[in-house]
């Protein structure tokens, strides 16, 4: 079976990660103690993608929980599903990274990383045919960004041919936690560009907008935001966990979605969007789902897809629906909005269908877009980075941990290169002028 090892690092990663486990445990009929209490064979058919069968009828997540301070771990452990995880898989330090990327990547994190890798290795060895890894983390803090990227590169060394996926929460200007977020994020992106196969960019600002505008929540909490993220994560991983008419796995996803190795930053979306309190009971149709899916308001990254073009996109539909109708609607969208899709990748929209809808919904759709508009997000971070870096503000926190200014300059130019690559492909046309641009690749 194609197993996935899940890693969650830092405060944000652990909060999103534990929410994700709540959602998928619920979908698979696993109760908080790991007992199977479900009612359908389909729940167990591919349960071993994410769970180890520990004893008769007891399932344990293939999850590794990492943090440089015990606080968040304690709240996960005392949370609703805290007893689900293997106690040995909680790996934490005592010192904290203090929102400092250098601490997570070079000093504090580097001391803890071997302990984490031991646990990862143990999880990987208990698999039959490991498909890859997924990491949940944020890019604005110290642990998730610094130590998260360190873990990625270490795992990459040891398992070079396995897929590496990340769900990365990108800092946003409106919802800021720390002043050094642009530094941490830029240093992280510098790593992600080289070391991951796909990165789902989740953006607090976009999540807040969805909560305000669509879900009509007046004061969204992080709980509400994480609920949205977990819905998306559950959608992206559906095909791996349930049988369906058209299945995908992490590698197929990467093959279909990544036209050039560096351009693997995706915008996720979800439909229908409903608030936690009223997950609606009105019937939704396939055309509505498809429409909503591609709607800018439903994107979990604060970029407007109408400002760029889709290089590739994928939609994962869940629920009992007619394949024919799904295909028709997807074609319909592409024909109507053809200017938003690059013309030099024919049929660049992939569809997958899984028969089992999420809890409380008749059908849902998860959208994954590789759009050149994601450059807005990197531009935004880059501008903030440059503003501070020009004055060398806050740099001493990083150089004090042994970092060199050179590394900042490199990260900055790598991110700017990424932005111009997106721009280049946005403007490229299918005719021969574009062909020359590719020869230079």
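Each residue, glycine too, has its Cβ placed from N, Cα and C.
Within its own chain, residue 143 (GTP binding site) has 9, 10, 11, 13, 66, 67, 68, 69, 96, 97, 104, 109, 137 as residues 6 or more apart in sequence whose C-beta sits under 8 angstroms from its own. Taken from Swiss-Prot, the feature GTP binding site covers 11, 69, 138, 142, 143, 144, 204, 226.
Secondary structure at residue 69 (GTP binding site), taken from DSSP and collapsed to helix, strand or coil, is coil. As annotated by Swiss-Prot, Mg(2+) binding site applies to 69.
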Response to the item:
Within 10 angstroms of the C-beta of residue 226 (GTP binding site), the count of other C-beta atoms across all shown chains comes to 23
Practice prompt. Using only the residues recorded as binding GTP (11, 69, 138, 142, 143, 144, 204, 226), report the maximum Cα-Cα distance in Å, whole number please.
Written response: 23
